[in-house]
Amino acid sequence: MQRLPPLPSLQEIIRIYGLSAQKKLSQNFLLDMNLTKKIVRSAGKLNDALVIEVGPGPGGITRPILNSNTKKVIVIEKDRRFLPSLQILAEASSQKLEVVHGDILSTDLQQFVSPEFHSHWQDPPPNIHIIGNLPFSVSTPLIIQWLHHMSNKSSIWKFGRVPLTLTFQKEVAERIVAPPKSEYRCRLSVMSQYLCDAQLKFSIQGKAFVPPPKVDVGVVHFVPKVQPLIQQNFTLVEKVNRHLFQMPNKYYPKPLSTLFPLDREDLVSDMVEKSGINVELRAFELTIEDIGNLCNVYAEIVKKEPDIFTYDFRSKKSAKERRKRGTLIESLEEKLLSNYYVESDSENVDVAR
Ligand SMILES: C[S@@+](CC[C@H](N)C(=O)[O-])C[C@H]1O[C@@H](n2cnc3c(N)ncnc32)[C@H](O)[C@@H]1O
């Protein structure tokens, strides 16, 4: 097994290259190698794997990845100040490591996959792993972008059910894995869980980072499901969820009603009746199966009346009317995640902003 030769410590690398953490890039480094090894272990067995690490910074996670008997490692880093120190790792790894300078939000990962790693969607996941400890402002829009790609089997998901191991602000990690009735249940829970098996592996206290962020961090492992639990297109599922979770604590017909113009209450009744879901369930109590039923009925309606899909309850006129009727309430969840969701309903929308 090829291991890295002795190298300067991460602290020394940071000092030698003057790598101060930049606030504008939300750089918080993990220098405790026990924790970086634990993150890498939570990705699973990496023998002979192709690993893509996003946001390597000074290389605290990259080192244990290189020491895990991996075949090829690609790191994608936006801040060019880290490139020389990552290059040292590339040389020490006999060029097993390839350093890419770029922004992960606009990088199509499929370019890094050679045919030997391809597999089919129905097969067990390919030996490709994506790992990253990114700034929170990047990891949330990124997971939404990637969930969208998984749903289309596009980008790197052309080559099978590539798993992800990513860090998030702990509260967001808890939301990703939250079951129905949990106080953390939100649209990110549903969007993640209808497409993936998502597991919160462990948490890391904020104070373990340098400099320490004000919040703790959760490490989440995602494996795409062979069969998504909702069989509708991502944009439609995202729209139904966005409406439901504007008011997670209200009986679900109320937030659902914002999907339709005010004079089309008949369609709300239609959805409730056809889905057969108890009207006394609140949005946060719905299971993914329930939400899947609602999406199916909504898709039927939209097929018959395509204009319904483009109806926007926040247009000036309807927003005013709805405010009067109390169906325009900003929830806490909305505030936390709103920056990470596009407001447009077009199919080709890039969900990362
Ligand atoms: C929170 S730091 C973590 C660094 C390192 N992975 C660690 O655990 O110590 C996030 C890293 O992601 C990089 N980064 C931030 N935004 C990025 C983007 N859009 N694409 C690629 N890298 C990015 C930062 O420059 C920084 O190196």
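Backbone N, Cα and C atoms are what each Cβ position is placed from, and that goes for glycine too.
Site annotation (TrEMBL): S-adenosyl-L-methionine is bound by N28, L30, G55, E77, N133, and the candidate from D103, D197, D263, D266 recorded at this site is D103.
For G55 (S-adenosyl-L-methionine binding site), the same-chain residues lying six or more positions away in sequence with a CB closer than 8 A to its CB are I76, E77, K78, I104, G132, N133, L134, P135, V138.
Once the Cα atoms of N28, L30, G55, E77, D103, N133, the listed binders of S-adenosyl-L-methionine, are compared pairwise, the greatest separation found is 20 Å.
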